[in-house]
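As given in Swiss-Prot:
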BINDING   67, 68, 69, 80, 84, 85, 86, 94  substrate binding site
């Protein structure tokens, strides 16, 4: 798949988003901030990535996901938990960054902050019914299938 990318921050020309390994599912997104940014515990910041994408094909969407090390080691996660980028969106990708930790975190310019994953999408056609055919699970939820 080819992905149309518009570079909005010239610094990205030297550090284009890339897959870290051949098995990586996500492209690393960088923090296009001009100076180190201190993210205090409990606060959120909207961080520009310096790029825009256009998927164009309604059969795809993009997800902005946290990098595992940022959340586990530093408490830095996404303020919206997952960012959903629709196929027709063409604006700059922004990362809602939340410090859920107990200490301040300094985000440096061009630091890898999140990852972008392209996923297939199926748009469902709603079929209104009065009843469902019975299934083994039925309406059981929230732990109804057991713990182990």
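Placed from the backbone N, Cα and C atoms, the Cβ positions cover glycine too.
Positions of Swiss-Prot features highlighted on the structure.
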residue : record                 : Cβ contacts under 8 Å, 6 or more apart
67      : substrate binding site : 28, 112, 113, 114, 115
68      : substrate binding site : none
69      : substrate binding site : none
80      : substrate binding site : 96
84      : substrate binding site : 61, 62, 63, 64
85      : substrate binding site : 53, 55, 61, 62, 63, 64, 93, 116
86      : substrate binding site : 55, 61
94      : substrate binding site : 46, 47, 48, 49, 83
So, three-state DSSP: helix, strand or coil for residue 69 (substrate binding site)? helix
